[in-house]
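Colleague: Can you read through this structure? Questions will come right after.
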């Protein structure tokens, strides 16, 4: 029966010894964000009134990493089992709310599954998420009488007959706050592990005459936990396969779904084509008919209609208007902006720079802290010298400017419309419209000159 309010408890106190890492286990990433963040996001999407995070190992780093989330931090100083962890959070439970118990190392749990679990919880009883496994070794078994759930027996405490049961406990459950506090106060550690098992409350509820309703997830992988890096890598591939399938069904052409990673969210138009080994990070928007070549990384960027990003280009916190082309081997750093029809070629880097409509920087160029007008040609080897060792300065280039190869523009400097900058020029002062600028050293040709000969 659906209660009006619900709080979520996320257990995240484990050290993760088998990860062989100094990083708390739940902070290891899946699809570009910490495992526990996936669970927090699910809790928030469910509309949880409060999210209680039970922590132990690496608490300072957890708090720093998750500082943007509104969490109630609950310390479990000693890891004495799941029941003990819930006991630490129990003082924060309201009697008239539902309490949903989740795990920071079970990152793929689906909101749809949790919604069904919440809706299935009987009045005064417990909603329990279970799955059936061909090999349930190591998991707590679900015991039933006449089809009704009566309890959970941990593998180490189970009889030979009970170990034949294939239905196992996932650890995810929901119960009323007042009931849960009462059951938690009765837990003991009289078992093979010497721990306080949250699973013991199932038998308590049954003995009190309360109903326990079991719900199954849509996919077993939703309840898979992570104890080592191998398991984490497997969940990563499961997650990525699911995301690739959704994109393909929505009309995005992934040339090889097994070689595509989505580490954030992707909004897209029609007829988008993505080649192999492309990584999408953060929030990315691709317009209609966008083409992305192999090996590209796109992060927190907006790519307009009919743009083409050639292989091995990196685009971060950038914006491309319609019909722009970049790469191969181009790098757009935060603040880069290309207006309609602009082109950035191989080994060109932009940061905090705007390239106007139809303007081109074909190769071997750095454009930083710059405003570049329309129909500008930036020759190979051009550098905007924006940093004096202490401060950054801006370069402004007007429309229809031609910048010859191997030129340096020492900021702060403004280049007027229609200016031509001869190859090899170092520009240190502002230039008025339609002027020619050159600062080459005069060429000297020495006839009959011979190279020095090495002494043997």
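One-based numbering along the chain as shown.
Backbone N, Cα and C define each Cβ position, glycine as well.
I grabbed these lines from Swiss-Prot:
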type: REGION; residues: 1-229; note: region 'Pyrophosphorylase'
type: BINDING; residues: 11-14, 25, 76, 81-82, 103-105, 140, 154, 169, 227, 333, 351, 366, 377; note: UDP-N-acetyl-alpha-D-glucosamine binding site
type: BINDING; residues: 105, 227; note: Mg(2+) binding site
type: REGION; residues: 230-250; note: region 'Linker'
type: REGION; residues: 251-456; note: region 'N-acetyltransferase'
type: ACT_SITE; residues: 363; note: active site, proton acceptor
type: BINDING; residues: 380, 386, 387, 405, 423, 440; note: acetyl-CoA binding site
Colleague: Can you tell me which parts of the same chain pack against the region 'Linker' (230-250), counting only residues 6+ beyond its ends and a CB-CB cutoff under 8 A?
Modeller: 28, 30-31, 35, 107-108, 221, 224, 257-258, 260-262, 266, 268
Colleague: Given the recorded positions 105, 227, 363, 386, 387, 405, tell me which ones have a C-alpha lying within 10 Å of the C-alpha of residue 11 (UDP-N-acetyl-alpha-D-glucosamine binding site).
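Modeller: The recorded positions passing the 10 Å Cα test are 105.
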Colleague: Return one of helix, strand or coil for residue 363 (active site, proton acceptor), based on DSSP.
Modeller: strand
Colleague: Can you check how the pLDDT averages out over the region 'Linker' (230-250)?
Modeller: 98
Colleague: Taking only the binding-site residues 380, 387, 423, 440, which one has a CA atom nearest to the CA atom of residue 333 (UDP-N-acetyl-alpha-D-glucosamine binding site)?
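Modeller: Ranked by Cα distance from residue 333 (UDP-N-acetyl-alpha-D-glucosamine binding site), first place goes to 387.
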Colleague: Counting every protein chain present, what is the number of Cβ atoms, excluding its own, within 10 Å of the Cβ of residue 405 (acetyl-CoA binding site)?
Modeller: 18
Colleague: Starting from the Cβ of residue 386 (acetyl-CoA binding site), draw a 10 Å sphere and report how many other Cβ atoms land inside it.
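Modeller: Taking every protein chain into account, the count is 23.
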Colleague: In angstrom units, rounded to an integer, how far apart are the Cα atoms of residue 386 (acetyl-CoA binding site) and residue 377 (UDP-N-acetyl-alpha-D-glucosamine binding site)?
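Modeller: If we compare the Cα positions of residue 386 (acetyl-CoA binding site) and residue 377 (UDP-N-acetyl-alpha-D-glucosamine binding site), the gap is 19 Å.
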Colleague: For residue 380 (acetyl-CoA binding site), just count the other CB atoms lying within 10 A of its CB, please.
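Modeller: A 10 Å sphere around the Cβ of residue 380 (acetyl-CoA binding site) contains 18 other Cβ atoms.
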Colleague: If you count Cβ atoms within 10 Å of each one, which of the binding-site residues 105, 154 comes out on top?
Modeller: 105
Colleague: Which residue counts does DSSP give the region 'Linker' (230-250) for helix, strand and coil?
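Modeller: Tallied per class, the region 'Linker' (230-250) gives 20 helix, 0 strand, 1 coil.
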